[in-house]
């Protein structure tokens, strides 16, 4: 048998499982799991800026931070989008 480069030989201790044998089993405990929490707009923007700090420098980073601040302003685009997302999260399991 020819194996593509980079694949590891399967271990003889692990019994292969056919995907047809486990179809649907992974969802049996789904209802018992807690719902995914929706982060606040502030938390999301802070994470975004933290990520940008790793890839942007100087003026680009300052400009991006200013855009994020504008996005978060009360009554702004961010607040409206967050409200829509909160509504969707309250009505569906997978927002």
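Just so you know, glycine gets a Cβ as well, placed from its N, Cα and C.
Positions annotated as compositional bias 'Basic and acidic residues' by TrEMBL: 85-95. Beyond the ends of the compositional bias 'Basic and acidic residues' (85-95), by six or more residues, the same chain brings 35-36, 38 to within a C-beta distance below 8 angstroms of the stretch.
Per TrEMBL, domain 'Choline/carnitine acyltransferase' is recorded for 38-95. According to DSSP, the secondary structure content of the domain 'Choline/carnitine acyltransferase' (38-95) in residues is 45 helix, 0 strand, 13 coil.
Residues annotated as region 'Disordered' in TrEMBL: 74-95.
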